[in-house]
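Structure, as structure tokens:
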Amino acid sequence: MERLSIICNHFEENDSLESNEVAATSTTNTSTNTTTNNSGLATLNQHSLNNLIQINSKINLDSSKIEKITKILFDHPDKEWVAERNRLIEVLKDPIFENKPYASFHEQRELAQKRLVHLASIPGGPILKVGEIVSNYKKFSMFQSTLVYCDMSMAVKSSVHWGLFGASVCCLGSEKHEKYYTDIDNCKMSGCFALTELGHGSNVKGVETIAEYDNKTQEFVVHTPSDTAQKIWIGNAATYGCFATVFANLISNGENYGLHPFLVQIRDTSTLKPMPGITTADNGPKIGLNGVDNGRLWFNKVRIPRENLLNKFGDIDASGVYTTPIKNPSVRFNSMLESLIGGRITVANMANSAAKMGLYIALHYAFSRRQFGPSNGKEVLLIDYITHQRRLFPQLAEVYINQVGINYVINKFQNRTEKDARDVFLLACGFKAATTWNRSKTLQLCRECCGGQGMAASNKIGILRADTDVDLTYEGDNTVLMQAVAKALLQEFKSYFTGTKRITGMLSYTYSKGHIGIFLRNKNFFTKRLHTESHLLDPDVLLDAFIYREFKLLRNLIKVLRAKVKNEKMTGLQAWNSSLDLVLQLANAYIERVSIEKFLEEVQKSPEDIKPILTSLCILYELTKIENDLGWFLSNKYFAPVKGQAIGNTINKVCGALKDHAIPLVKAFDIPSQFLTAPIIGDWVSHYSNPNNC
């Protein structure tokens with residue numbers, strides 16, 4: 001509480017954070033000359049940049065070290081997890097999974113469905129089972145992220161069928177719905193998830209579809225009341241989906257109890273013809289992901305049994321009396337969505353797999369393709385250009401940092417309790433947004449770094465970029481998700497000073513780390529201008545900058561919102577909407593800070609022989625993020641201009657130190673070899689010497 005009192009004093013009406021210069025100098029000298037306990041990186045913190053380069057140059061990332069790094073990326077898997085992944089990789093060697101980059105629109109649709117069914121009908125039973133989505137979520141996320149390397153359309157169809165449709169039956173239903181598990185697992189109940197409507201996407205509370213209970217027949221009557229209520233962009237709904245979890249407003253005895261999930265059969269399983277009262281339509285060709293049959297659905301007074309209500313959070317008895325364990329409608333609906341948050345975490349993991357594939361291809365090409373150079377000598381390798389390193393190496397570092405962060409959220413979800421369910425929900429929102437945004441940037445840069453070869457379908461990057469673009473908006477629009485993160489931070493901060501019940505623990509571990517010295521150091525002349533190599537290579541010192549930025553942004557947002565409401569007489573909604581730029585900055589700062597903290601915790605536990613490489617990746621991530629937001633740090637006087645200039649030079653040198661380790665670092669992704677078919681990974685000269693190849 002003493003730390004909180006200090007912070008509270010800083011967050012008064014005064015616009016600048018107060019600091020004690022003597023204490024700040026003392027704190028700074030201690031920080032820069034002694035070992036921190038948080039990261040266990042004493043050796044590296046006490047070496048100059050040149051020594052770090054020398055350390056890296058002496059490290060040979062042989063197969064044993066690569067294996068150690070892989071285990072970190074896979075979150076130290078047990079034997080069962082490894083065996084299941086190896087089993088999946090063997091299954092994916094079947095000829096049906098061979099790369100078909102030139103398949104037509106209809107061929108892509110048919111192929112993705114056949115691949116999905118094949119996964120569900122392998123000897124020994126399906127690798128993925130609905131009942132394990134909750135009990136063994138880590139396995140489910142591995143399954144989906146591995147499928148990305150093979151076929152993004154198949155991966156998304158699988159995620160829709162098992163991760164959304166199957167999970168909704170499992171997580172939103174009750175024991176009486178367990179009878180469907182086997183048919184879902186073997187794809188006899190091919191399913192989809194019908195939430196989004198033409199008129200309402202992110203604002204799901206505005207969904208119009210109704211399900212009115214008929215006491216006489218003990219049935220629900222599902223109906224589409226308007227054109228804007230049609231279900232749209234529903235994966236698996238255009239052609240192959242025979243069942244759907246349909247979200248509709250439950251009405252009984254004239255009262256609307258809000259959105260609830262209902263199991264509705266939409267097609268005959270033998271003929272694939274729509275059931276009576278069901279109208280379907282195809283969303284048609286898309287810019288990517290054409291193996292997924294996205295479609296539209298209308299319901300014309302479709303009757304379903306009372307038992308088809310997935311009734312974990314609300315139920316109706318025979319006479320139409322409604323009961324629920326959660327009386328507050330908003331809390332009840334949020335609880336429904338939080339039960340399915342595993343899908344959002346999986347999207348993040350899948351996006352990171354796509355980024356890994358792009359980096360594997362682009363970096364291998366960069367180490368073999370030459371361009372320009374002395375007239376009397378060999379041309380220079382692409383990777384030897386600092387511009388090339390600057391484009392690819394920070395993305396490589398971010399993929400590593402994101403993976404550790406995703407692993408953290410996966411474990412939180414796997415072992416969640418009622419107490420931390422909201423934390424998991426918000427972390428999933430933030431990491432989904434951050435990881436998919438980075439995936440988009442990474443694949444674009446990889447495409448550019450491969451020049452014209454990046455446009456070739458056979459080289460995968462362009463197709464993967466198009467197929468994954470949807471992850472920026474499905475499972476939640478990123479901008480909307482980040483608003484949820486920022487709102488929770490505001491509520492959490494308020495709870496510390498009002499004594500109200502906290503809904504999350506999003507700030508608690510930062511407060512507990514003793515980082516209040518950051519606030520005291522921010523005006524220290526020495527610290528702001530210090531740009532020695534040891535200072536800029538201390539990951540904990542750099543982490544201080546991220547913590548400072550996060551809390552300064554939080555404080556500023558509170559002040560801005562208060563001023564808009566109090567002085568400009570805005571409503572709360574108006575004040576929020578006019579401050580969304582600050583809202584997104586805060587949410588992004590929070591996720592970046594958490595990502596660094598979790599990666600440093602992993603580095604601390606890592607073997608000594610790979611610790612310098614992992615530390616370099618973390619430093620590169622931190623310095624690059626600071627450089628990207630340097631205007632903020634300079635305008636808020638956290639850094640002096642001289643320090644800002646030194647950061648750019650340091651990034652260049654860290655990139656140089658990582659160059660010889662880039663190929664081993666992407667090999668540590670352990671992408672199954674049968675999917676590394678891009679010609680530019682290997683002997684592309686021989687490949688393109690054959691006129692029949694493309």
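Glycine too: its Cβ is placed from the backbone N, Cα and C atoms.
The active site, proton acceptor annotation in TrEMBL covers Glu475. The FAD binding site feature in TrEMBL is assigned to Thr196, Gly235. Taken from TrEMBL, the feature compositional bias 'Low complexity' applies to 25-37. According to TrEMBL, the feature domain 'Acyl-CoA oxidase/dehydrogenase middle' maps to 192-302. The feature domain 'Acyl-CoA oxidase C-alpha1' is assigned by TrEMBL to 339-490. Positions annotated as domain 'Acyl-CoA oxidase C-terminal' by TrEMBL: 538-680. For 18-37, the entry in TrEMBL reads region 'Disordered'.
Long-range Cβ contacts of Thr196 (FAD binding site) within its own chain (separation 6+, distance under 8 Å): Val204, Lys231, Ile232, Trp233, Ile234. Neighbour density for Glu475 (active site, proton acceptor): within 10 A of its CB lie 24 other CB atoms from the protein chains shown. Taking the Cα atom of each, Glu475 (active site, proton acceptor) and Gly235 (FAD binding site) are about 12 angstrom apart. Residues of the domain 'Acyl-CoA oxidase C-terminal' (538-680) grouped by DSSP class, helix first, strand second and coil last, total 116 helix, 0 strand, 27 coil.
Averaged over the domain 'Acyl-CoA oxidase C-alpha1' (339-490), the predicted model has a pLDDT of 94. Non-local neighbourhood of Gly235 (FAD binding site): Val156, Lys157, Val160, Leu164, Cys192, Phe193, Gly241, Val292, Asp293, Asn294, each in the same chain, at least six residues away, with C-beta under 8 Å from its C-beta.
Helix, strand and coil counts under DSSP for the domain 'Acyl-CoA oxidase/dehydrogenase middle' (192-302) come to 6 helix, 52 strand, 53 coil.
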